[in-house]
Amino acid sequence: FMCQAQVLNRRDFDMLRWCPLASVGTDAPDSRGNSRWMVFANGTLSITQVDLEDRGQYLCTAANPHGAARLLVTLSVVAYPPRITGSRWQLLTAHSGKPVTMKCKAEGRPSPTVSWVLANKTYISDSLAGNNKVHVETDGTLIIKEVTVYDRGLYTCMAKNPAGTDKLIVKLQVIAAPPAILEEKRERVEVMMGENLKLPCTVEGNPQPTVHWLLNAKLFLFSNGTLYLSSITSSDSGNYECIATSSTGSERRVVSLMVQHRDTLPKIATASEEMTHLNFGDKLLLNCTATGEPKPRIIWRLPSKAVVDLHFLHANGSLSVHQVKLLDAGEYMCVARNPGGDDTKLYKLDVVAKPPVINGLYANKTIMKVTAFILFLRDRIMSGQRGQNTCNSAFPLKSANVKLQKPVHPMEALTLSLQPQLVHTKVPLTSRVYNEPPLLLSST
């Protein structure tokens, strides 16, 4: 508003002020304040963002000591209340899991603001942040992503401006069907061991349910709902539970699987080489693992029928022999046996050993310590007898025959002792060894 005062002498000008008639005598705020009102130096009154509350009469007063002059200005604010285009009542039907759009276009002067009250009484507008599921566009459109049955209800759109308010009510109906499994809810299935099996779990529902299987709290996921088991074993027995879930609910089906045992012939799957060469004293390990149903029992047939504690049979059927000897050489047979029959595998072991060598020296000195005892087959030699007399040399594990050759003299005895000692007569000593290890003999 313009309000200019003319004076003959500028020094006589005292005051110029504006005030609305509703509050006569109140000065309009100056430019130093934060109000929407501002009075310029030339007397002009400025009002920013005029609304309906600003309408009415404004009085400009110019005064000095000689008198006062007044100007009355009437302000009319033109505004149109909001009007939402279209029907004020709408019925909207949507399928569960699909997005939903609700339009709310409003007109008015000034432009109205649009906000929504959701079915759960939540207030939301374009100026208020929504969430990942629900938000309002700048044009007032409400968008719901992946609607569920829990979203059904009444939605209210409110358009506001200073001139008034308009409303739109939308009733949302959600079409949904709970999950339904077409197969039997409880079923018992028997299958032979080693066979393959498909367990279907066909589901219907709106929205489309997701399907997963549970076995002893272990989760299996299959997109088409069918559970496939290959090469079934006895450990696959148990209850299998199919669970179909969606936003509308859940349904489950239980399949009890019984695995029937089928006897299969033993089959030796892992074995060592058929021919093995070892040195005397080495360790022998022969592998023999077998498959079959029921699990085969492993039996070993040794070259000798004797069973000693140097032979060990491991849990997997392997046979080990510590420190092989010449007697361990020969054929070994692994037998895998179950009620269905036997499977066999033949192995051959060759043990290489060096023959013993006796090192002896002549003269009156000890050759080596005797670690055995000597027993004559004849404990007395009569006078005049000549010939060969044989004795046995026995060791802790082995034995040897020793022949002593000496002319026989009357009343003269020949003595051999375990401890080294001097004998006045030279005795030729020969030995014949029947096994290993090398013998330790001594004589004087």
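Quick reminder: no glycine exception, Cβ is built from N, Cα and C everywhere.
Automatic, uncurated: that is what TrEMBL annotation is.
Confidence across the domain 'Ig-like' (1-76), taken as the mean pLDDT and rounded to a whole number, stands at 69. Residues annotated as domain 'Ig-like' in TrEMBL: 1-76 (among others).
What TrEMBL lists as domain 'Ig-like' is 82-173 (among others).
When the domain 'Ig-like' (179-256) is classified with DSSP, helix, strand and coil residues number 3 helix, 47 strand, 28 coil. What TrEMBL lists as domain 'Ig-like' is 179-256 (among others).
Counting residues per DSSP class in helix, strand and coil order gives 3 helix, 52 strand, 32 coil for the domain 'Ig-like' (266-352). Per TrEMBL, domain 'Ig-like' is recorded for 266-352 (among others).
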When secondary structure is assigned with DSSP, how many helix, strand and coil residues does the domain 'Ig-like' (82-173) contain? 3 helix, 50 strand, 39 coil
